[in-house]
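These notes concern the structure reproduced below.
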Amino acid sequence: MKKLVLVFLLCIATSIAFAQQKPRIIILATGGTIAGEGKSSDRAGYTAGKIPVSDLIGSIPSVNAIADISGEQISSVGSQDMSLEIWKKLAIRINEIFSKNEADGIVITHGTDTQEETAYFLDLVLPHELPVVITGSMRPATAISADGPKNLFDAITVAANPKSKGRGVLVSFNESIYDSRDVTKTSTTKVNAFRSPDSGPLGEVYDGRVEYYKSSVRESAKEGPFGINKNTKLPKVEIVYMYADASPAYIDYLVKQKVDGIVIAGVGNGNFSKAFTEAIKKATKANIAVCRASRCLEGRVVLDGETNDNELGTVVSDNLNPQKARILLMLGLTKSKNKKELQDFFFRF
Ligand code: GLU
């Protein structure tokens, strides 16, 4: 009899130990459509960032079987209102969570409009091995077939999986897992809103399983020089869009404003008009860092291609799109104003 009781107690102790072994995942909510509320389930109109993180977690009770979940509200904005301040708040909180061993993984819920920018920024400044996964949704929580609960469940599954360690910040969306450097939003409204145009997704999450098929070869924040604390001041870098007969007036304006950097969303291989060239010469003479990116969805901008970077004093973004080139240029400028070093960042990260 005593033996039976002992075995029984042992079983209970083992199951408690196993229950405690569930990974601890903290959800940092920032707003977006995933927390969006509409007046009716069959109309497109809604307000982003209305539903609190506790309700988002409550919508997927079965997730408690795979992880110990808790949530924190970092902001409640549509991601068109994402800001450097919120990025800093996120980065500082994530550093604190991992340094105090509060979680084994983090999921960030975020609007999709600027999700790729937040993902890449955090990827460049967070040096941790533990997974940080960003997700969101295209349909508000109140819509028919809302995609938020599934995307959140999948993102938690990805963050809780040991295979996700050491991969930097990931974007989990519509059953695909993307590298934050390569991913971009490619649809205004469809639920398969994201793609990595040059390299494809890293893996998939489906039916509670995570599979990776490749890894990013770029340097991670662990090797990188960038970091964030509450005193970090990010330089001012703006983007100028090139198109047929575009006016260079905005470049002239930015030179007058004494910005620290300008990214040109050039045509094709990062090209621009003679009028732009003249304005950019003035910018580089004024010691403003100018980076050539492309408005094309795919491909890289080649150094000294049709445009002579050496003569003009410009750097190229490699295959970073303009909005991500801006982030790397901002962080790069916190370390150096030297053109060679800035160019080197674009080939390493
Ligand atoms: N503007 C919204 C946002 O980025 C809509 C995009 C979304 O979340 O799907 O927050």
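Backbone N, Cα and C define each Cβ position, glycine as well.
Copied over from TrEMBL:
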type: SIGNAL; residues: 1-19; note: signal peptide
type: DOMAIN; residues: 24-217; note: domain 'L-asparaginase N-terminal'
type: ACT_SITE; residues: THR33; note: active site, O-isoaspartyl threonine intermediate
type: BINDING; residues: SER79, THR112, ASP113; note: substrate binding site
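Structure coloured by features recorded in TrEMBL.
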residue	record	DSSP (3 states)
THR33	active site, O-isoaspartyl threonine intermediate	helix
SER79	substrate binding site	helix
THR112	substrate binding site	coil
Max CA-CA distance, Å, over listed substrate-binding residues SER79, THR112, ASP113: 7
Euclidean distance between Cα atoms of ASP113 (substrate binding site) and THR33 (active site, O-isoaspartyl threonine intermediate), Å: 10
Recorded positions compared (THR33, SER79, THR112) - highest count of Cβ atoms within 10 Å: THR33
Segment confidence, the domain 'L-asparaginase N-terminal' (24-217), expressed as mean pLDDT: 93
Neighbouring C-beta atoms (10 Å sphere around the C-beta of ASP113 (substrate binding site)): 19
Any further residue of that chain within 8 Å (Cβ to the Cβ centroid of SER79, THR112, ASP113) of the recorded substrate site: GLY32, THR33, GLY78, GLN80, MET82, HIS110, GLY111, THR114, GLN115, GLY136, LYS185
